[in-house]
Structure formats: structure tokens, C-alpha cells
Amino acid sequence: MIGGFIFILYLGHLFIWGMIVVIQILMAKELFALAARAQREKQLPGFRLLNWHFFFTAMVYVYGRFLSKQLVNSISSDRILTQLFSGYIKYHMLICYSMYIIGFVWFILTLRKRSYHYQFGQFAWTHMILFVVFTQSAFTVANIFEGIIWFLLPASLIVINDIAAYICGFFFGRTPLIKLSPKKTWEGFIGASIVTVVSASLLANLMGRSLWLTCPRKDLSIGPLYCDPGPLFKPKTYELPSWFPFREVNILPVQSHALVYGLFASVIAPFGGFFASGFKRAFRIKDFGDSIPGHGGITDRMDCQMVMAVFSYIYYQSFIAPLNVTVDEMMDQILRTLSVEQQMELYRELGKVLL
């Protein structure tokens with residue numbers, strides 16, 4: 001699995017997105033099955049298909065919102081593709097709303113006497129899955145296209161924190177941390193926090209020197225990437241006191257942001273695991289599924305990752321993403337909101353101004 005993950009990272013952004021979609025489908029499958037009752041399902045043909053209709057609707061909406069800029073950049077050089085997808089981009093909200101309304105009407109028409117309680121429970125369950133699971137994990141894809149580092153660094157920190165918490169808890173654990181997870185200890189929690197924060201700085205320094213990991217992908221292509229890494233990924237030299245064994249040190253500015261990621265991954269993200277533990281206790285199950293032999297289901301491995309993905313996206317957009325409007329963003333707005341006639345008018349007006 002580790003080798004396959006590294007290979008997907010090597011293939012690039014589009015393939016990582018594909019991996020996330022597969023993970024989301026497997027998670028949804030596990031969670032749909034968790035509350036399903038086989039006997040009731042037999043009496044409601046097509047009801048399970050309705051859940052997947054809502055799932056697909058959420059996928060079209062979320063990824064259409066997150067990746068509209070990359071889609072525009074991919075089709076803008078081809079006149080036929082531009083005409084084909086311009087309607088989808090312009091009417092994206094209407095298309096998604098129409099898909100949802102179709103599902104809503106479909107649900108009403110499938111209601112059966114003596115199954116109302118079960119069907120409405122499944123309806124609520126489906127929307128909970130889409131909100132808590134799908135929407136949160138979809139933020140991961142937005143992070144990927146801003147630069148693989150904004151996906152790989154947070155995900156790696158969650159893994160490091162889990163491993164460090166286990167090791168520190170195994171050797172030094174004495175004091176229980178939380179009743180939901182009896183095996184968690186304060187010693188493991190604190191030790192993992194220290195390891196994770198230190199690892200965050202070291203990993204950011206390592207990953208920040210790779211253009212493949214730091215350059216944003218502005219379209220849906222799979223070719224090589226070249227970009228100006230920006231000030232975050234250009235090392236700065238700091239002089240140290242004379243009593244240090246070396247006089248200066250080179251630090252990437254991104255390492256300061258990595259410390260925040262490390263703190264969140266070690267202090268807040270574990271509560272996603274605690275939430276999952278309480279959830280499983282409520283359903284009296286050990287694991288969400290058996291997709292990964294010996295490790296349970298995909299959902300068991302992604303509980304903390306979902307919390308981290310949302311934080312990574314919000315933190316990046318709030319404190320790291322450039323605030324100035326770029327030419328690419330202006331082109332995105334023009335192609336998405338103006339008709340062909342309006343674009344031609346804008347072209348002529350710009351010609352008058354610039355000549």
C-alpha cells in the first residue's frame with residue numbers, strides 16, 4: 001500500500017484526486033451498509049440506488065466548485081471543448097440543484113407504508129454521510145491542486161501522530177486520556193504532540209525543496225510542473241550565537257506554517273478518532289468495515305484525516321494563499337460568467353484601450 005501511494009504521488013495531482021474519489025466511494029459504501037437492514041431493503045427496490053444518486057450529486061457539486069478554475073484552464077485552448085463545457089460551468093448550481101430535486105422527488109415516490117420510519121432514517125443518514133464524510137474529505141482535493149505539499153504534509157502528520165502516540169503510550173503510558181478510547185493515555189498524547197510538531201518542521205523543509213510538491217496545478221493535465229516557488233519555499237539564512245557549533249542555519253518560511261499544522265494534527269485532529277470511537281460504540285461494532293485486512297475499514301483510517309483536511313484548506317486560504325487577483329483568475333471569471341458575445345466585446349474594448 002505504501003509503494004502504491006508513493007507511485008500515485010509520482011503520477012501527480014489528477015491521479016491523487018482519483019485515489020481520493022475511490023476512498024470516498026469505499027467510505028460511503030461502508031457507512032451506507034452500517035445502518036442498512038437487508039430485510040427492509042428487499043421490500044424497497046431501488047432505495048439503495050437513491051443513496052448513490054445523492055452521493056453522485058454531492059460529487060458533481062463539490063468538485064465542480066473546487067475545480068472550476070482547473071477545468072476552465074484545461075478547455076480554454078480548445079474551441080469545441082469550451083462550447084461544450086461552458087454551459088456546465090455557467091449553470092453548475094442549477095444542474096446540481098436539479099439533480100438534488102430529482103433525488104428528493106424520487107425519495108417521496110418510494111415511500112412505503114410501514115417503512116416510513118426506516119426510510120426517513122436512511123434519508124437523514126445519507127445526508128449526514130455526505131456532510132460529515134464526503135464534504136470534509138473533498139477539501140483534500142482542493143488542497144492537492146494548490147500544491148501536493150498541502151495534501152501530503154497534513155496527511156503525513158496524522159500518520160506520524162498515530163504512530164508516535166502508539167509508541168509513546170506503549171512504553172510510557174500510565175494515565176488514561178479519555179473514556180471513549182481506554183487505550184489512549186496522556187503520556188502517549190503529549191509524546192506524540194512533541195514528535196509531530198518536530199516532524200512537521202523537518203518534513204516542510206524537505207518537501208518545500210521539490211517543485212513537483214510545491215507548484216500548484218492550474219489545469220487538469222498530467223505533465224511536468226515548472227513555477228516560481230514563491231517566498232514561502234525560498235530559504236532564509238539566520239545567524240546563530242557564537243557558542244553554537246555552527247554559525248548560521250537555513251530555514252524555509254513554510255516551516256513556521258508547518259508548526260501550526262503539527263499542533264493541529266496532534267492536539268485537535270485526534271478528536272476525529274475519538275468521535276469515530278464513540279460512533280462505533282453507539283452501533284456496537286469494532287470496525288466500520290474490512291476493506292483493509294487487519295486494520296478494519298477505510299473509514300477507520302480516515303477519521304482524523306477528514307478533520308485535518310478541512311483545517312488545512314481553511315488555514316491555507318486564510319493565511320497562505322496570495323490575496324492579489326491574478327490573470328488566470330480574471331480569465332476564469334470571464335470564461336465562466338460572460339457569453340461569447342460579451343467576451344468579444346471585452347476583447348474589442350481592451351484593444352481600444354491598449355492601442
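Glycine is no exception: its Cβ is also placed from the backbone N, Cα and C atoms.
Pulled from TrEMBL, these are the features on record:
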- 6-28: transmembrane segment (TRANSMEM)
- 49-68: transmembrane segment (TRANSMEM)
- 88-111: transmembrane segment (TRANSMEM)
- 123-142: transmembrane segment (TRANSMEM)
- 148-173: transmembrane segment (TRANSMEM)
- 185-204: transmembrane segment (TRANSMEM)
- 258-276: transmembrane segment (TRANSMEM)
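Long-range Cβ contacts of the transmembrane segment (6-28) within its own chain (Cβ-Cβ under 8 Å, at least 6 residues beyond either end) map to 52, 55, 59, 129, 133-134, 137-138, 140-141, 144-145, 148, 151-152, 212, 217, 220-222, 288-289, 291, 297-299, 302. For the transmembrane segment (123-142), the most Cβ-contacting stretch among 49-68, 88-111, 148-173 is 49-68 (pairs under 8 Å).
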